[in-house]
Structure formats: structure tokens, C-alpha cells
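Peer 1: Feature annotation from TrEMBL assigns active site, acyl-ester intermediate to SER124. Annotation comment: TrEMBL describes LYS127 as active site, proton acceptor. Per TrEMBL, the feature active site maps to SER184. The domain 'Peptidase S11 D-Ala-D-Ala carboxypeptidase A C-terminal' annotation in TrEMBL covers 341-435. The annotation region 'Disordered' is assigned in TrEMBL to 34-55. Annotation source TrEMBL lists signal peptide at 1-31.
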Amino acid sequence: MRGFKYHWYKKAVALLIVLTFFFQSGMGAYASDTDNGNSVTANKEKPNDTEDGKVKDTVNDANVVTETVEFTGPLAEQIRTDLDKAAEIAGDLSLTSEAVVLMEGSTGHIIYSKNEIKELRPASITKIMTLLLIFDALDSGQIKMTDQVSVSEHAASMGGSQVFLEPFETQDVDTMLKCISIASANDASVAMAEFIAGSEEAFVSKMNQKAKELGMDHTNFVNCYGLDTDNHYTCALDVALMSRELIMKHPEISNYSTVWMDKFVHTTKRGQTEFGLNNTNKLIKSYQGITGLKTGSTGLAKYCLSATARRDGMDLIAVVMAAPDTKTRFAEAAKLLNYGFANCSIYTDNGEGLEIPEVAVKKGIQETVGGKLDNKFSYLCMKGSNPANITKEIKMSESLEAPVSITDVIGEITYYYEGKEIGKLSITAATPVGKAGYGDYFKRLVKKYF
């Protein structure tokens, strides 16, 4: 019994010492002020610029002449490097279209190009940007698929390809998307532009702003549907950029762009009439893995196409502009896609099975926090490349200070192919860590000593 009492006497004394130390030291080591740990950032290699990153533009006599400019936008550095390699990698595919680009979707890498920044009339592939802004508005909650869109007299007056919408007729957004994606309807495009921005002019301003954000340096939109108009132009590279944004950000576009035939019902004062929708993209019926996207043709633009396809987890975008005839645009787009699928594959890493070290958290409810990749890493492997030669290096912050949110960068992973850096991803906190209070410290100390 005496030993038992002595044992608890020692525990009581120890507890008293702990509490005295705890309150006199202002929570001791746990409350000491320390620098907040920052994520490690490796030295970024200097871009391998050619001619100061400038590419001389070819002048098309039917379009505005632009001066030599640098590439801008999120893929600028990559585009400069890719264009230097594209001709060497792909060789001559003997294409007769005025301008072409073959791009991989997830990485944005250019595999093949010809006259990629030559400014040309885009015809109805203009509507790729129109569709992009519609889906952006849906994503943001500005509009809903079930919203009713009233057709103005201006929208109903559009010429060219149309579905013959009448003034004051209403259709929901879903139907309008079908009309634009399948039938390339100019009247539906203008109706949606007015519905989203208040006027076609305001919508076109948004189109040009989005083009600027994407680094579409050789593009200027004057309308939202693509009929030939002075100062309305783009280039094959820019078409690839906006096509990539549409299919990667809004993959649901393929639910519309791969429909071969459909119909909708006109509802007017005269009653209801059914109207058929027919897709002009012949690759939908003939090319394995096709996901879209948009055709276009006018007398001045000739025949244009942005064709997208997916096989084995890889998305390709083949842009053909100013082809001499409709047969050539489909044949050359298919030729580009075939080349890409035959010579390229995609390596991806979403962090599954990746061992990411935990990072110490000061002043937190938890003492450590795990990490996760903030995105999926993709790398384009050309024929002859061995993905097994891709290695990874993880660097983590030495420590963090609470509070920590799941958006906080706590490290980074660098990927190398045969020793050469090919990309990086940030590592963010896997779980939030709140700041510890007095009660948390007390529990931690009691647990430590008892």
C-alpha cells in the first residue's frame, strides 16, 4: 500500500512540475515564434529562345498584316520549343492545306505544324470560341441548360448556315447548343451571344478577351459565327489553343459534337414544326475515337476543320485551314491524327501509389501533415521513348506553421526523362490543420508524460 501511495505521489509531483513549466513558459516550445516553412522551388531553367522568341508571320493578302510578335499565354515557352522541333520530328507529310497544326491535348505540345501562325479566315470554326464561352457561362452558374433563350430579330436575320429560328421564338440552352454544334447555326450563335452578354458586340469583346488569355496572338474576332468580315481572322495554332481549352475544360462538348443527326421542334405562333440537324464533320462516321469538333467553310476561307480524337488516354487536335476542297480537309485531318496516334503516347501520373513524406506542423492541432499532387502530370512520349526512363524527385518544406489549408503548397515534385527536367507539379496539403489551443497543448503534454 505504501508503494502504491508513493507511486501516485511521484505522478502528482511530476504533473505539478509540468503544469508549472507549461504556464510559466507561455506554452513552452510549442508557442515559440518560428519562421513559417516555405515550399521548395527548384531553379527554373532559362527558356531556350530562338530569335528572341519571335516568329516571323507570313502575310495573307486577304487578311490584316501583323508585325512580328512574341508568343504569349500559358504555353508560350513550350510553343517556341515545340515549333523548333516539329518539322524535324514529323518530317514532310505532304499536306496541301494552307496551314495545319497537330497538338496533344493534355500537354498542349505541338507535334506537327505548317504555317501555324499565318492569319487566315476561320469561317465557322469561329464557333469553337463561342461554344467555349457558353460552357464557361454554364460552369460559372451564369446560365443553365434549361434556361429559355428568346431569339431577337437581329439573331433571326443571320444568313449562312442556320436553323431558321424566328423572331421571339424561344429555345432552351441545350437545344441551342445542339443547333450550334451539329448544324453550325449562325442564328443560334447570335441568340446565345445576346443571352449571355446582352449584345453580340459585348460577347465578341469577351471572345477577344478570352483569346488574349489563351495566348491567341494572331486572332481577332468581329462576329461570333464566322462569316467573312474584314479584320476577322485567326491562325491554325490559335484554333488548336481554343480547341484544347474547350475539349479539356469541357469534355462534355463531345456529347454534342459527335452527334451525326438530331432534330428539334420550332414553336411559334403558327404552331410546331420539326427541324432536322445534320453534322458536317464526316469524320464522325469514319474515324475511330473521334470526339469532334467543328467544320467551317466560306468562299474566302475555303475549307477548315478542327478535328479532335481520343485513343488510349491521349487526346489529339488536328487543325486544317484553307484546304482546297472538303474531301482534302477530312483526309488531311485524318492523316495528322493517324501520324500522332502512330508515333506518340502519353505518360500520366496522378500520384497514385506515390510516397510523399509528411511535413512537420508547428503550433498545429496535428504535428504533421501529408501531401497530394495538385494536378495530374502528363508527358508526351514520341516513338522510341521509354516511359520507364522517367524519374521523379520530391522536395518538401522543412516545416509549416498552423493553420494549414488544403490549397497550401508544401512541396513539389520534379519529373526527369533520362536526366533532363520535363516538368513539375506542386504538392499541396492533403488535409487542413487548425491552430492548436491551450487545451490541445495540455492534452499533448499529459499524453507525453503519462
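Numbers here mean position along the shown chain, with the first residue as 1.
A Cβ is built for glycine as well, from the same backbone N, Cα and C atoms used for every other residue.
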Peer 1: Going by DSSP, is the residue listed as 'active site' part of a helix, a strand, or coil?
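Peer 2: Assignment for the residue listed as 'active site' reads coil.
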Peer 1: Using C-alpha atoms only, work out the spacing between SER124 (active site, acyl-ester intermediate) and SER184 (active site) and round it to an integer in Å.
Peer 2: 7
Peer 1: Test of understanding: give the count of other CB atoms lying within 10 angstroms of the CB of LYS127 (active site, proton acceptor).
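Peer 2: A count of 26.
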Peer 1: Judged by the number of other CB atoms within 10 angstroms, which among SER124, SER184 is the least packed of the active-site residues?
Peer 2: SER124
Peer 1: Using Cα coordinates, what distance in whole Å links SER184 (active site) and the residue listed as 'active site, proton acceptor'?
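Peer 2: SER184 (active site) and the residue listed as 'active site, proton acceptor' have their Cα atoms 8 Å apart.
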Peer 1: Does DSSP put LYS127 (active site, proton acceptor) in a helix, in a strand, or in coil?
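Peer 2: Assignment for LYS127 (active site, proton acceptor) reads helix.
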